[in-house]
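Reviewing the structure listed below.
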Ligand SMILES: Nc1ncnc2c1ncn2[C@@H]1O[C@H](COP(=O)(O)OP(=O)(O)O)[C@@H](O)[C@H]1O
Ligand SMILES: CC(=O)OP(=O)(O)O
Ligand SMILES: [Mg+2]
């Protein structure tokens, strides 16, 4: 069964094609800088044991152009003969609200409901929706399925997800914490449980990509998570503030004359590491620190300090801790962030091994000292594979 997975971000499209039940992809790709003149597509194929890679730079003004180009590449590189060979398309949709708590087949009614979630995740849901609309016109024979970032966190107890607003704001307007990156937290926590061979392991999963969030997990269930109503609260991110005192927003509006759209743009797109350093990519920020940039150093310290605070908080929620997991672009690759986060955490039984931490290795790995009570794991995430697995389970 050919399952094509699309992970549409705010300006990128990640995709993978699986011939399920095999969990090795036939093709893996990334379209970057959608909406810009210098967009690029990297398309890798794994056919008959041979890896081939194509990179092309071209203007990709919109998702339609991007996905059509991906479709051409799928046929040109022999991944499929034509689009009709795709049985299902699995879409990552960030916000499912309270309505979508599991994998959902996309119907006209579902699409209408999805449009009502745009305001809740303005960087993500509109592009996922666009991805669905374009996929429907290309993969006309395929079932279209949606997997929601919010779904995994639906096991959280009410005391964790409710806000202390008057109750009707929850009962009538569904204003509550939802939590995101659930597909990734689920995938890496399952990998960690298998690695530790401990189904009831008390875990803290730390997903550090462009968006960043943490989750407290036990028995395969999310008990708490750092993102809330939208994917903005909690950790400091590439361009998003994470937690800030809401009084700042009243001040911006009432005293400095900002419109709400300007505030939204500020806290979602101009803040976080970008706002602090002028750079949003951790690789560039690391270089800036090496060149003596004090702002970049402070931003790094703030980034790690925020993670540290959530580790303390989730160790309390779990009443113990077996392992912490670092994952996603920054979590998997940035040893310095892991080091700063785990240094001086002996009180919680967290002892990082500097050499192991700075040694690169593929796959799941342990970076604590041998007798550290808490294991520190680097676990590569694979949201696309998790989505393909869920689609296959539904359709097989
Ligand atoms: N080798 C690396 N060292 C440090 N940071 C890295 C490295 N590779 C990727 N990153 C960081 O990972 C981020 C992207 O992470 P990713 O999980 O792909 O994010 P997203 O899915 O949210 O787009 C980049 O912006 C960059 O900051
Ligand atoms: C929910 C979210 O922040 O996703 P991403 O990290 O892909 O931006
Ligand atoms: Mg991501």
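A Cβ is built for glycine as well, from the same backbone N, Cα and C atoms used for every other residue.
Any TrEMBL annotation is an automated prediction that lacks curation.
Features as listed in TrEMBL:
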- 149: active site, proton donor/acceptor (ACT_SITE)
- 7, 383: Mg(2+) binding site (BINDING)
- 14, 207, 208, 209, 210, 211, 281, 282, 283, 329, 330, 331, 332, 333: ATP binding site (BINDING)
- 92: substrate binding site (BINDING)
- 181: site 'Transition state stabilizer' (SITE)
- 240: site 'Transition state stabilizer' (SITE)
Select, from 7, 208, 240, 330, 332, each of the recorded positions with a Cβ positioned under 6 A from at least one atom of ligand 3; if none does, say none.
none
Roughly how many angstrom lie between the C-alpha atoms of residue 330 (ATP binding site) and residue 92 (substrate binding site)?
20
Mind running the recorded positions 92, 208, 240, 281, 332 against ligand 2 and keeping the ones whose CB falls under 6 Å of it?
none
Need this for a regression test: recorded positions 149, 181, 208, 240, 281, filtered to those with Cα within 10 Å of residue 7 (Mg(2+) binding site). What's left?
none
Among the binding-site residues listed here (208, 330), identify the one with the smallest other-Cβ count within 10 Å.
330
Quick check on the recorded positions: of 14, 92, 181, 240, 283, whose CB has the lowest count of neighbouring CB atoms inside 10 Å?
283
Rank the recorded positions 149, 281, 332 by the number of other Cβ atoms within 10 Å of each Cβ and report the first-ranked residue.
149
Among 14, 149, 281, 283, 330, which recorded positions lie by ligand 1, judged by Cβ under 6 Å to any atom?
281, 283, 330
If I take the alpha carbons of residue 283 (ATP binding site) and residue 181 (site 'Transition state stabilizer'), what is the distance between them in whole Å?
22
